[in-house]
Amino acid sequence: MKGGRGRHTVERGPRKEREASGMWTGNSPAGNQGAAMEGTGGELGGQGNWGLEDAPGLLARASLPIMPTWPLPLASSALTLLLGALTSLFLWYCYRLGSQDLQALEAGSRARGGSGGPGGCSEGGRPSPGSSGESGEGPRAEGLVSRRLRAYARRYSWAGMGRVRRAAQGGPGPGGGPGVLGIQRPGLLFLPDLPSAPFVPRDAQRHDVELLESSFPAILRDFGAVSWDFSGTTPLPRGWSPPLAPGCYQLLLYQAGRCQPSNCRRCPGAYRALSGLRSFMSANTFGNAGFSVLLPGARLEGRCGPTNARVRCHLGLKIPPGCELVVGGEPQCWAEGHCLLVDDSFLHTVAHNGAPEDGPRVVFIVDLWHPNVAGAERQALDFVFAPDP
């Protein structure tokens, strides 16, 4: 009896334990794994004969994860797909935005016919790109400015390009029409929202003005080394360009954004001064620098430069009586050893009304950036109007 009662007691213990262990096994995959490990055909101690030696199996079963492991990799895959979809959507949006901008730019370029404004040459530079037909003056063909601007934005960014984009859309003047009061008509590029005045204060380019004025003696010596009689009866000396108009000669150290090495070697003082300037427009087709000579009786009739993005600096070298410069209806005159800053996108006229014995009027002309053109805009314009290779 005692033995039977004791056996009954012993059997009740394992049954309760097995019932208690059911919450770990149940029908879950973890329970099945535990049964497979024990090899008992369904559950641990399936025959009811177990003891302390079965404790490690129970502990191993208890340590198995309750939740199945399949949802974690599935969630990771879903997150990856979501991020990919968002990235694709963002790229598509950027593409659409750029396409709309380019369509607007090309429409503006077609509207203005690739160039505009009156023809003619500005003193100290080559003929304005709008009419000369020369190949070195920069992009003039229809849509070329837009294509180069698009290439710049693809390589860098549209950031800070608001005025440049509007210039490409709007043509050579405000709203595509004539400039301020009809007297500011740049032949190729009108950059909007720039302060406009025929003459620019010296303080706007103080560093470069003071550097050029301090280099006046060296630049004057360089002119004496390359000067000639300007009679027109002898062949044109080496380095001098054909006359822009009767009695108007020039020797350029930089021509349409290209350095002229032979002329720079002949004029070391002038070249050294150019190298020290901070705002010299030396990397695009709007930039020129060199000597300009006007003989007595010569006159350059009203003309406009190619862009309002530059300011033309005149350093007086030899200024005889009777010389006159009229810009935007405002007359001015040069002074030897001093700089005069001119916005040559305004209609301007140059004349030498002196006597033949007075000799030629000589100025050293340098194209500088307009002080209100930002650095990002300068970089973009250098790219768009880079000299042809």
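From the backbone N, Cα and C atoms, a Cβ is placed for every residue, glycine too.
A TrEMBL annotation is a machine prediction, not a hand-curated record.
Annotated features, as they stand in TrEMBL:
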REGION    1-49  region 'Disordered'
COMPBIAS  8-20  compositional bias 'Basic and acidic residues'
COMPBIAS  39-49  compositional bias 'Gly residues'
TRANSMEM  74-95  transmembrane segment
REGION    109-143  region 'Disordered'
COMPBIAS  111-123  compositional bias 'Gly residues'
COMPBIAS  124-134  compositional bias 'Low complexity'
DOMAIN    250-371  domain 'Aspartyl/asparaginy/proline hydroxylase'
| message | I'd like the per-state residue tally for the domain 'Aspartyl/asparaginy/proline hydroxylase' (250-371) from DSSP, helix first, then strand, then coil. | response | 17 helix, 58 strand, 47 coil
| remark: Looking only at the domain 'Aspartyl/asparaginy/proline hydroxylase' (250-371), mean pLDDT returns 95
| Folded-back contacts onto the transmembrane segment (74-95), same chain, C-beta under 8 angstroms, at least six residues removed | none
